[in-house]
Structures are given as structure tokens and as C-alpha cells.
Amino acid sequence: MPIKFPFTKNKKQPVPQTVGLDYNQLPEHVAIIMDGNGRWAKNRGMPRIAGHKEGMNVVKKIVSHASGIGVKVLTLYAFSTENWKRPKNEVEFLMKLPVDFLNTYLPELIEKNVQVRTIGDFDVLPPHTQKAVDEAIERTKHNDGLILNFALNYGSRFEMVNAVKQIAAKVEDGELSSCDITEDLFSSQLYTSDLIEPDLLIRTSGEQRLSNFLLWQLAYAEFWFTEVYWPDFDESHFEKALYDYQNRKRRYGGV
Ligand code: FPP
């Protein structure tokens, strides 16, 4: 368990310094299932959407921190293909969150050299969500700092079925034969085709499941779970996850 020094100041924000964390050996790609917003709100007698709003503020904190310490890719599960089952007002709120986030935070993302991207079935999102996200993608596309990848209307099974359909179409057209189908070819048909695979998956709130998130891409990721609800998650929890990751032995099936 790393011992925390008091926060030290840098120019923009306090940066927790976790003893023993090697900032030169960070996981390149961190994926997060930001869970527990609803329970956080319920415990406070507040509506579920209050938890999501607070969760958005935590997104800001973690993005700043990940960008500041040099993580290369941060993939955040913001809305799953299954989340449409939630009450209408909650879905509407969740669809508005990226708009609010980008309205207030895009200038800072640009200043931090962050590149915004998405994975998921984007075309069926409400127009205001698409517009805000499209604008952020366009305005940050030349940035080469942290890739901030929002999983929006994302479902891993849907993604994989689509990949299969695309490959099948190429086989039908005679562009490919079935023996050309490899793991790399399959990966190339996923939303994440030009991203490195996640090294570390974090899930908050005590749940320990994948919930249809990056099922293919997480094959060799290290998993890190915490009981902390997402709205209570902060930079020190993030660094603890990174520290624990650094103390894992990744063997990729070898010895
Ligand atoms: C799961 O918690 C969380 C979500 C479905 C939404 C996550 C969204 C955010 C944290 C904000 C995203 C911000 C931006 C900028 C897109 P839950 O509601 O399932 O919690 P519960 O399990 O306690 O009910």
C-alpha cells in the first residue's frame, strides 16, 4: 500500500505523489467503468442524475490528472447499448452530459493537448450530443497528447457482430478468403482498430464484471476494482490503481 505524501503544487493543479509509483512506467491505455453514480446519489437522498452530474466532475479531474502524468489513452464507459433501458429522464440526462462537459471543458482539453474520440454506435445518439462531440473531435483531432476516448452507446457484442459482418461481406465480395481471417484482421474491424489495447481496467463501486465493455480488447488487461463509488473517486485512487498495476506480473500466457 503506497504511503501518500501531502499533495504538492504544480502550476495548474495539485498532483498526488504516490510513493513508489514510477511515472515512467505507466500503463499506456487505461479503461474505466465509472460505476456507482446512482447509489452515491441514493445514499444522499438525491435523484440518480445528481450522481451522474457529480460523476462528470470526476471525469474532469481524472482526465486532467491522466493527461498531466502522461497516460496515453483513457477510455471511459459513459453510456452502454444497454443503458437505453433506464428511465427516460435519466437517459436524457446522460445524453446531455457530454454536451455540458464539452461546453465547459473543451477549451481546457485543447490547452492540455487532449484528443477527443468516441467508440460506439454514434449515429443514433440525439443530434445535440452528436453535434457537441463532433465539434470536440474536429477541434482536437491534431492534438497528440492524451487520447480521451468516450464509449458512448457502446456495446462490445454489437461491435464484434459488426466486425464479423464486415469481414463476411469482404469474403462474399471475394476481397478476402476465410483463411485470411486472423486476430489482427478481426481487431482491425473494431472501433478501437487504431488504438493500443487497454493495459488496465478500473471499475468502481464494488461490482466486478465487464458489462459488455471491450470484451475482445481486455483479453490481457489487468483488472483493478474498488468499492469507492465513481463520484468519490479521485486522483489518489487513480494513482493507487496505477501503482498496483505496476506491481502485477503480466505474463501474457507465458511464464
Ligand atoms: C454507471 O453508474 C454510470 C453510468 C451509466 C454513466 C456514467 C457517466 C458518467 C460518470 C458521467 C460521464 C461524463 C461525461 C463527460 C460523458 P450507475 O448509474 O449504474 O450507478 P449505480 O450502479 O449505483 O446505479
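Each Cβ is built from the backbone N, Cα and C atoms, and glycine gets one as well.
Caution: TrEMBL annotation is automatic and unverified by curators.
What TrEMBL says about this one:
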- Asp35: active site (ACT_SITE)
- Asn83: active site, proton acceptor (ACT_SITE)
- Asp35, Glu222: Mg(2+) binding site (BINDING)
- 36-40, Arg48, His52, 80-82, Trp84, Arg86, Arg203, 209-211: substrate binding site (BINDING)
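Shown here: features listed in TrEMBL, placed on the structure.
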| residue | record | DSSP class |
| --- | --- | --- |
| Asp35 | active site | coil |
| His52 | substrate binding site | helix |
| Thr81 | substrate binding site | coil |
| Arg203 | substrate binding site | strand |
| Leu210 | substrate binding site | coil |
| Glu222 | Mg(2+) binding site | strand |
Cα-Cα distance linking Asp35 (active site) and Trp84 (substrate binding site), given in Å to the nearest integer: 16
Cα distance (Å, whole number) from Asn83 (active site, proton acceptor) to Gly38 (substrate binding site): 13
Candidates Asp35, His52, Thr81, Asn83 (recorded positions) - the one closest to Glu222 (Mg(2+) binding site) by CA: Asp35
Most crowded position, judged by CB atoms within 10 A, among Trp40, Trp84 as binding-site residues: Trp40
Distance from Asn83 (active site, proton acceptor) back to His52 (substrate binding site), taken between C-alpha atoms, in Å: 13
Under 8 Å by Cβ from the residue listed as 'active site', same chain, sequence gap 6 or more: Arg203, Thr204, Ser205, Glu207, Tyr229, Trp230
Local Cβ density at His52 (substrate binding site) - other Cβ atoms counted within 10 Å: 22
Lowest local Cβ density among Gly36, Gly38, which the record lists as binding-site residues, within 10 Å: Gly38
